[in-house]
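Colleague: Below is one structure. I have some questions about it.
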Amino acid sequence: MSTTVKPRIAVHKFSSCDGCQLAFLNLGGELIELTRRVDIRHFLEAGLDDPDADVDIAFVEGSLSTQDEIERIHRVRKHSRYLISIGACATSGGLQALRNLDNQHDQWRDAIYAKPEFIKTLNHARPIADEVRVDFELWGCPINSRQLLAAVNSLLFGVPPIEERDKVCMECKRQQRVCVMVTDNKPCLGPVTRTGCGALCPSFGRDCYGCYGPSDNPNTESLSKRFAGLGLMPDAVARRFLMINSAAPAFHDAGLIARSTDTGDGDNG
Amino acid sequence: MAESRRIRIDVPALTRVEGEGSLKLSIEQGQITQLQLSIFEPPRYFEKFLEGRAYHEVPDIVARICGICPVAYQMTAVQALEQAFDFTPSDWVRRMRRLFYCGEWIQSHALHIHLLALPDYLGFDSAIAMAEQYPAQVQRGLELQALGNTIIKLFGGRSVHPVGARVGGFHHAPTDADIKRLNTQLEKARDSARALTNWCAQLPVPQDDDSFINVALKHESEYPLYEGTLAGSDGLSITAQEWEQYFEETHAPHSTALWSLYQGAPYLVGPLARLNLNRERLPAEIADNLNNTGIAFPSRNMFHSMLARAVEIELAIHEALELTAAYSVPERPFDDVIPRAGIGFGATEAPRGLLWHRYETDENGLIKHARIVPPTSQNQARIEQDLHNSLQAFGLEHPDDALRLHCEKVIRNYDPCISCATHFLQLELERQP
């Protein structure tokens, strides 16, 4: 067995907070175990620097928000057999895709930076799959180590990873949690959000805020009506959808529909 | 004709002050003629998309500024918003925020020492390579990191972008049984943390004697994490509200990140600055052990930052033990806040140093304006100054690889988000006739 070549992996970072890479670095003893089974070729945060190494699996964190990043993702694609985007930034554009909504990039840049001419960002922050072919996506802000290991293990066994597309609601029911929307009138996004987190927010008695992105067949229209029924003004409904995954089509559209019904008055909290 | 060595160092970098960076270094006749640390951060415009958001959305949004220290961003934001609403959290909330924050210090410091800094000192490219020769020490470090994560998860459900914090308190209180279990784990970790301090104190570090202004919070009775007044080694003592009168953010042409200066000069924030200003707040047993290492604080050697981190892990474990020993489940883990139009300021000690927030709200609690000054942008001018002095002291005649490694070690002392990469400094040497 010692002659077996270990699968090579790389972890790349684009515009992001680094939180999804921690799914590796928080593995503890399992990180050392993982390095016995795979050969990590590039992972800057762990001290491995070989961005153009040919690898079997490339994990990509972050969204594409500069011209340089667009050039770089093509290089990553060229050197990788299998490309997995990890986290909300890579799969939907993430929180920073909020700048795409109203084409506010230039105004925002000029307001924050003393010398905006030094800043070279693109107007839109976009997901990895907008630019190159992505073989598998791990959704979540952040992804967790369980999701990551499940994907790696599947691939090590030569089978495609299983995509979790169920709703948070299903997980919440399995855990026999009390529904925060039914009992407490909280505007929970669990009915339209992809599972994977372990229904953390409802288990803490709070409403899901959609950080894992849209589930399969999300009925956002019906949920928006329910939110209105709970007393949320259109702007508040829009903000529920337009947050961590505002560029994911299902949430993007639901948010814009809610916004378009906003009359501009009333309590927006 | 003097030989001119022009060195270009490219830095692929990692979090808010991140993206791409470079260090331009020109050496002529044994003197540094140009030294510019540039950081090209792909800006994500957090301050702008906070505008129009409801106050209760802020903790979830600002957490995303940094995956390694989301608790710091959440705690600073809730502190500022509560001030804007003229709300005082309960004593239970205050203590539990401190405990929550201890978790982040332990996690972040253990990660930095073991995965980012130690390989430099022990001659490895990465912690993964180091683990083969130092399995017990790496294991100990990963266990401490995991302990920090456990504390964050108890209050936040997960350690990255935790979901438990809210303006007014927490969404959820851990059970007595959970806290008791944590207390037992902390008790076991106490010796590991002590051993880590002693190990770090023995590692040979470059001798450095530099003069700089330390800036950190100070508190009347505690080592500062979540609360305190802003203090400087020059006698500065102000509230968070007064920050803007003494500090300014500027924008250098060679960097996309904002730089902040204290009365026009660079200054230091972070573990070394905190320990330099607060060593009398260390519990006696930790202070005694530190004295026994023979390394005196306040220290003017930036390479004592790693030791300061280890001491702060001990401190955080000590604090967490006390806070968990006195734990009781409250009737409710939060109090309701009544939003109003106002302005609030927050200042806390993130693992990397002082973090400052300012929010202006309207009468419904929607954010009208936000301003966030993270520790790395405060340290940037100081890093450049340090590189200048430190390289000169190290000896410019060293080969390029040695210069690069030395620069990396200097930069990593600050644990800036960009330190996440080892060998991030790639040298391009140009020699001019």
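Quick reminder: no glycine exception, Cβ is built from N, Cα and C everywhere.
Values in this document were obtained by computation on a predicted structure and should not be read as measured data.
According to TrEMBL, the protein has these features:
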BINDING   B:E47, B:I372, B:H423  Mg(2+) binding site
BINDING   B:C66, B:C69, B:C417  Ni(2+) binding site
BINDING   B:C69, B:C420  Fe cation binding site
Colleague: Say we define neighbours as other CB atoms within 10 Å of the CB. Which of the binding-site residues B:C66, B:C69, B:I372 has the fewest?
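Modeller: Among the binding-site residues B:C66, B:C69, B:I372, the lowest count of other Cβ atoms within 10 Å belongs to B:I372.
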Colleague: If H, G and I count as helix, E and B as strand, and all else as coil, what does DSSP give for B:E47 (Mg(2+) binding site)?
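Modeller: Reduced to three states, the DSSP call for B:E47 (Mg(2+) binding site) is helix.
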Colleague: Around B:E47 (Mg(2+) binding site), which residues of its chain at least 6 apart sit with Cβ under 8 Å of its Cβ?
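Modeller: Counting only residues 6 or more apart in sequence, the Cβ neighbours of B:E47 (Mg(2+) binding site) under 8 Å are B:A370, B:R371, B:I372.
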Colleague: Which secondary structure state does DSSP assign to B:C69 (Ni(2+) binding site), in the simple three-class scheme?
Modeller: coil
